[in-house]
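Written below as structure tokens is the structure these notes are about.
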Ligand code: HEM
Ligand code: FES
């Protein structure tokens, strides 16, 4: 049903006839009385008041000029590293404060002057302008339709189907080149998200000290962050590698570990889990030592490290992957392989 | 005297300004343009300034943005910091972060421009939001302004993404966390998610490309589109002329106000400086995004209380309160816990964008509307709008659940459940309550028209009763309060025609009749006072 089918009497313009405007002989109390008479402001009748307004506006513009001078002076005079105490904000950069305030005042007073001028001294007589329908009148529409028909006929697009169809084909195909060109925006995912730098025999290196960890370095109740041996901050792909390989390590009394596999993959109660939250990938950073819960600060997903790091609260969809660890001949903690499942946020191919 | 001499003579006399204008008119036709527009009438209402706030903050953003490009290096190459901010010296960071540090500490006034850019972005988006709501609640989106409504809506959405790409540029710990969030969300898209992510980041996250890519999107692609939309938006505002509220002398066929030259130009031009001045002053005193305190981005580090800029907050809310559903099948994972929020995010926005078209379908009204509605006189629309805002605000609360928890000592768990329930219940409640308030206000208007305004004067009648004297309203007020139109609900009409043949009533037609009843039925509007009612009552009182 298109809008044309609306019965006319449902439109308010029609209904109005039995309401507001219908009463013929007597005066309609709701009728539009027309524009109210113009009321003069004090500045319109009292030249002294007008002069006062003029002086206020000029004063505002003058303040603006002074503020700009102040801006330049601050730029030149204030050392870039000086800080000032401004109540109640505290210590802030003197340069930033001075430049911002002078600029702000210079601009604000121009605006205030202009608005005051407009409100008090320019004519405040309200004027009514006619509106004209946006829609073209029927003659115009008829003319345009006829012109278009003529143009279409002269192009013979409708008649010469072969031209039309091949043209549409060509126009539809050529944007493909543009799409193809986007192919090299990035490599295909392949199985990159399934692997990290961890592999059998890689030492667990303490993130803070950059030293390989021994079991004795991991105390009960503390949260240790680790990276795989060989990955250094200055490496070109450090950011991308650490985004997958970051590890968190805690020590739990073995008898408190509820998950069998977790216990098997741990070493003397030391367990290593991916630090990357399985929700959308924030690093996990908070540890509650009594409960062995770790918390992701981004959306509060909480994982129970004593029970396979399963999700006990929050929007994460699955447990943190565990890294299987052991100790090598020299007594250092080492990985016994890569993570068994992809780390970080879930994705379609994860399975 | 030959004609040549006349022109010579005139040229000699005309003031320089006029000669320049003549020159330009001969080439650009500016006199015809000015004839139509120089004294164009603009109605005055405080809410009409909201759009101006958006325009001016957009201009401020462009000016300051161009300045920032002079110093900002959109590169993710890792460098060691050797600038003047001591605590970070020797630390590794991307060039993007390094150059933002340079802007903040070593370029005099650079910090100010950065802060103005960021504050103006917040004002820009807040301005667009409130402006959009003004247009919505007054029905200014009705014909002929539907296209301009869409332009405005697009500006709001593009503004969100321009802001997001902008605050990701410094590559600090906070914004990097936001980018990671986005990458996680993209990964959740079924089938193509990993491919999209690899194409966007040039490989695995974070890689070395995204700052440069965001940069061209942030300073060229999106602002370019937005500039085009802003110009189109303004041309349409000029072409349609401004709407106005009902009042004495104001009709659907005129526009009442002050001329562009001089009053409106002075006010609007002045207002630009007011907005700029206020934003500059805010940037002088209120620090925003102190990247030096946050530090450079590292995928394995995070700052607590990570929050996006406010306009992204509702997407944050969606992702925070969604349960972590994941479905595994045939070696694939459907990450509903992230993907559903990702789908609802645009749907929330689209819901408000398409509303004007739904309303015009329900009313079937094809006339132009230049007189604004008072929100109370369109209860269903107003109620829908408030319901939408309620949804938006509930999600904003969800986005800041950790802040609420720490500030008000609540548990995250209970806030999450509150938001989950309020997501469904809140809008419904808001709808019902708003509609009732609107109807109450309509009833009050009717009272006022029929019985006059309460004067506050108490009179004692001869038999001892006290009454409050009601003053009759002026004709101005009577007109203003009764000027709105009221639709009648649409009837499907007889389903059997005069020959007894049954007419098929389409489902859409039935739906439309139902909606129309919901909009304009007895439950949904108070019939406005009629002249007869008014006369009967006033003559009953006798003494007017
Ligand atoms: C149109 C809407 C725009 C919005 C909403 C917007 C928003 C932002 C935001 C929030 C930031 C982060 C600032 C910070 O705290 O560090 C930013 C950074 C930046 N923007 Fe924009 N911007 C816009 C347009 C532009 C334009 C047109 C340009 C340049 C022509 C530009 C150039 C920049 C540059 C170079 C930066 C990085 C420098 C820095 O972060 O200090 N922006 N933008
Ligand atoms: S990223 Fe950890 S809860 Fe969202």
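Quick reminder: no glycine exception, Cβ is built from N, Cα and C everywhere.
Annotated domain 'Rieske' per TrEMBL: A:239-334, in sequence order. If you take every residue in the domain 'Rieske' (A:239-334) and average the pLDDT, you get 94.
For A:1-37, the entry in TrEMBL reads region 'Disordered'.
Outside the transmembrane segment (A:57-78), and at least 6 residues removed from its termini, the chain residues within Cβ reach (under 8 Å) are 94-95, 98-99, 102-103, 105-107, 109-110, 112-113, 116-117, 121. The feature transmembrane segment is assigned by TrEMBL to A:57-78 (among others).
Sequence annotations record features per position, and here TrEMBL assigns transmembrane segment to A:98-118 (among others). Distant neighbours of the transmembrane segment (A:98-118): 53, 56-58, 60-61, 63-65, 67-68, 70-71, 74-75, 78; these residues of the same chain sit at least 6 beyond its ends, with a Cβ under 8 Å from one of its Cβ atoms.
For the transmembrane segment (A:162-182), the list of distant contacts is 156: same-chain residues at least six beyond its ends, Cβ to Cβ under 8 Å. Feature annotation from TrEMBL assigns transmembrane segment to A:162-182 (among others).
Break the domain 'Rieske' (A:239-334) down by DSSP state and the numbers are 15 helix, 33 strand, 48 coil.
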